[in-house]
Ligand code: GDP
């Protein structure tokens, strides 16, 4: 473990979001001098003599001037988030008060905390492993029931517990094989190769499952990218508005006026769908329009789900089939929608029946609930159990993939005549990559990279 990031300073930051409209703000200090520093400016009980996890009313004073009436909550290390002495000062939420209190405490000897420094300390002091610390950031950012549940589960260690167990099993074998190296003259095998092979295969299977969970986990965390496509004027913007229930996209009678792609989100039963409205797909000579169309193709390829709209007042069944063939060629699940159902004739309805479409009217908000249900069906989340261990972090997936490669080398090594020292090396390599996830193996660069993405105060 690197130590360059460990600092003895007592750090201070606003823990609540700056500028928010709430009644109360919380200023947090962590470090060996946290309690004594606050005590110097706090008039009330002697905070240095109070038990952990107690709250005290008093005033914060700069000399004789009272800055605010506050509540100070005392956490005595190691029973705190950072494992250090920590004080949380609840003040009235005034930018002026906050600034004065922080400035005062910095004058007394605290240092302004860097981004993510509280959580970095929690990690460095053993309060949590790296994947748990990363989950804290995810938890704060979570905006749906599903992403919240995954982050919560990861923060509570579900994900890293499974990896720790795998790592321990591997460490055991690595040491047996390294022992063989000490006896290399005598040609002994402490590590039973069949057992080793069985273990590696078992770990390989678990990691494969974790890597696969990434796709689903990512969907739950970041939302399902959905493209609404179809020719100009079929009603894409109107549908987007109906789904978002707000007038966000520009609706117009002039074909092709929705030129820019607009991204927006809705939440259906805890699953986030990210909509990308587009200029529609069609061949065109118009340069500006062509950019929009090009972009539509690109967006459609990025989508995990396409809502393809037809307009019975302008689309004839032959043209419809041509467009459907194109969309099918993309190999992305799509929902066929006939919009403007208020204008459809019985004859057209018969024609369209072969497509098994959903009929909606975006303008009159008919069939929207049915469409939403179909969206949920299409992403098939019913078989995702958010209690399952799920990988949602690209850094973790990369480490798992590297682990997997090393494990495959080990398997090759067992079946082929390679020497124990090479086998041991490959196992160490797998251990290294597994350790990167939990933070057993880490560098200052990696930590700075992870924690700099946090906000100050976290
Ligand atoms: P886009 O170019 O695909 O984004 O199409 P718009 O959303 O701009 O809609 C084009 C025109 O069709 C507008 O005049 C809408 O009011 C109209 N429209 C959209 N949906 C419906 C519908 O369900 N019924 C009827 N009658 N008109 C609709």
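Each position is counted from 1, following the chain as shown.
Just so you know, glycine gets a Cβ as well, placed from its N, Cα and C.
Annotated domain 'TrmE-type G' per TrEMBL: 223-380, in sequence order.
Residues or ranges marked as K(+) binding site in TrEMBL: 233, 252, 254, 257. Secondary structure from DSSP puts residue 233 (K(+) binding site) in coil.
Annotation source TrEMBL lists GTP binding site at 233-238, 252-258, 277-280.
According to TrEMBL, the Mg(2+) binding site annotation covers 237, 258.
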Fill in: Overall pLDDT for the domain 'TrmE-type G' (223-380), taken as the rounded mean
77
Practice prompt. Would you mind checking how many other C-beta atoms are within 10 angstroms of the C-beta on residue 237 (Mg(2+) binding site)?
Written response: 22
Discussion item. Taking 10 A as the limit, how many CB atoms besides its own sit near the CB of residue 233 (K(+) binding site)?
Written reply: 21
